[in-house]
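According to TrEMBL, the features are:
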type	residues	note
BINDING	Cys208, Cys273, Cys274	Zn(2+) binding site
DOMAIN	3-288	domain 'Hcy-binding'
DOMAIN	319-563	domain 'Pterin-binding'
DOMAIN	594-688	domain 'B12-binding N-terminal'
DOMAIN	688-815	domain 'B12-binding'
Amino acid sequence: MGSKMGDLIDLKHPVLLDGGMGTILQKLLPHYKGCPEYLNLDKPEVIIETHRDYIKAGSHIIQTNTFGGNRVKLAGYNLQDQVEKINYQGVRLARQAAEGGALVSASLGPTGRFMEPFGDLSFQEAYEIFAEQARAFSRAGADLITIETMSDLGEVKAAVIAVKENTSLPLICQMTFTETGRTIAGTDPATFVHVVEALEVDALGANCSGGPKELLPVLEEMSRITNFPLSVQPNAGLPQLVAGETVFNLSKEEFARYGEKFLSLGVNLLGGCCGTDPEFIKTLKEKVSGKVPQKRNNPEYTVLTSRERSIYIGRGFEPAYVGDKINPTGRPLIARDLKTGKMENVCREAKEQWEAGTPILDVNVGMAGINQAEAMYKAIQGIQRVVDCSVAVDSTTPQVVEAGLQAFIGKPLVNSVNGEDKSLEALLPLAKKYGAALLGLVIDEKGIPATARERLKIAEKIVERALEYGIKRKDIFIDCLVLTASVHQEMVLESLETIRLVKEKLQVNALLGATNISHGMPCREILNATYIAMGYGAGMDMPILDPFDIRIREVIDVFRVFNGSDSYARDYIQKYGGKKVPYFYQGEKEGKLRKGEESGETIFSKIKKGVVNGEKEIITSLVEKALEGKASPGEIMDQALIPGMEEVGEEYEKGEIFLPQLLLAAETVKGALKVLKPYLSDEPGRNKGRVVICTVEGDIHDIGKNIVAMIMENHGFEVVDLGRDVPSSRVIEAAREYEADIVALSALMTTTMNEMPRVIQGLDREGLEPFIMVGGAVVTADYAQEIGAHGFARDAQGALKEAERLMKEKRKSKK
């Protein structure tokens, strides 16, 4: 844990990182509009001098000018063929400046694209992009690498694995968090910590974001759950444009005061990000000099995660279990999905299990006649689009397991290895590489032993080999194996005894596939529930079970009272107090809890549900079915698609869902509109207005602009997207050509905000009078008012509401 960092630098005292690079370059080269990283080649003396200023200020580690040096970002400047040269030179300049007086950390930033399943960037492509940069860093002689300003946990995983496989350098990994305490993709600090801990980075933390005040609670949460070295590099508050200059709202003295607060949390590495400069680092050094980071001694937790949340396993936590329903055996609809690759029923099954409270889903694609690796990848991608669960990747084939591990954003469970050498050699390296927990079965080439003592020997072998690979005890589960009571009655208690031995002798997690006990027996629910209760009594940490079995759910409810996770039995009393029947019964047979399809569900409600759930695979067929049933395109829009997007928008604004789900819903509507488009043009009053949208000249950031364009189009606006880095002359030309009702301008950098008033002035000179909307990370409502814009929006939902307000105002003025 952090051993490379500990060998590199003394972490018992505050380690000072440097501050912002981009904002300094903007001040030194105010008229430069090119690629910041290209300055490594074009203006090396400026970069060297900036590094030296930080070293003089007290930085122990300086970070290279390579943040946007990946091929995706460089392609925005047609520099994608110079990745090696730019990144190599970035490290060499820092080394020249350091002259042994500081360590050089190579900066690796995000691609600016979203990972699958919410974007188009695959794990493999992301891996190759980051590996290319990492190799250049290593060849140039970097001391360590800092992955920073990441907001997508999937991209973090790809970057960490790429760095670790292509270099032997120590690694700091930092994400950026919003004022909600989560990343824009919805990941909370704890989940980030658990994922990158399992990937074994050398230090972790947060950077950029709003400022030290916003990052203090983020680091506080991290400090409570990890003993890894922690790093923080906040912005100097929020940027503002004052008299044409970028000004951040936090002084160096205010910034430095937070240094002691971070040290009190046990933060080891301190620095700055946007808006900070050598004077900030100098003042920070003066404030923390002689202070010592608070020592942390947190317990280790057994955790699986999704993209957004962590599932803690063990005493005192909510009982975790694995739902067993995504399996083609005896399930023809699941089997059909795996053959066709559409995953409609896989996603529906996942959704039902999730709604029943299942935190972890077993995903098994084992059937003949298909590419199982491809099926596993698609199944897990589909599942992540509709639910926020962790998964157990259920296969013994290495290629299939690896496909699942690449597809999943979070920390999953590999299900499973066994005691055979070939199984251990094939799958242990994969679990270690991808930071997954491991499930080992007490079976080997001789079969399942009859006694608990013999099963323990296999478990000992699995644990010993897993530890050799660097997998921690907390991440090892042993399946003590359950045979059917109808055939192997004498072995029923041996499985429970195996649990006791595994817990006592090996100190790892014990699991049971409990519902195997009842195969071939009547009233299986009674046997299953009783055996799970006995498993809990023996020390079982987690069962694999049927999540719709009511009697099992009753056992879990009772166990929650007994293990303390249902404090004062509040939930138990609320659910069962005064009730004869604790659950409603629904499904094929008594004893099963399923929501199923609501009776009387209309085609419109199905389409709306498809939008809310982001069911891209089935939305086109639902719309086609509605059209075949004589529904008009307008009815489909007004009664299904628009209400669905409105519900998604409301959930997004409340923080109940996050940007990936918003994007997925928008993509789903986009698929529906492809079917409806030929018909909608015939319907009067369907077009809400024409919007010309772009990112202004000098700014190549376009993710936010693309989202706004998609959301507006899905809500009935005709959108003309001019792209990014668009000159004001082209915006004016397009406004005239398309007779725009609204011109929407986006800027992510304070240096490019000045292009917005130029566009407005140009439109005025040409006598054009569209409404002007502005937005972007650095744009404020005050700035919008100052430059004469008619509307301002913080995000895509706000942009939609503002556009609708402006068009409503226009229609009123015509009356």
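Cβ coordinates are placed from backbone N, Cα and C, and glycine is handled just like the others.
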Cβ neighbours within the same chain of Cys273 (Zn(2+) binding site) - under 8 Å, at least six residues apart: Gly19, Gly20, Thr149, Asn207, Cys208, Ser209, Gln233, Pro234, Asn235
Local confidence of the domain 'B12-binding N-terminal' (594-688) - pLDDT mean: 82
Nonlocal neighbours by CB distance (under 8 Å) for Cys274 (Zn(2+) binding site), same chain, sequence gap 6 or more: Gly20, Gly22, Thr23, Cys208, Asn235, Ala236, Pro239, Phe248
Secondary structure at Cys208 (Zn(2+) binding site), reduced by DSSP to three states: strand
Residues close to Zn(2+) site centre defined by Cys208, Cys273, Cys274, Cβ within 8 Å: Gly20, Thr149, Thr176, Asn207, Ser209, Gln233, Pro234, Asn235, Gly272, Gly275, Thr276
Per DSSP, three-state class assigned to Cys274 (Zn(2+) binding site): coil
Cβ-Cβ neighbours of Cys208 (Zn(2+) binding site) (radius 10 Å): 22
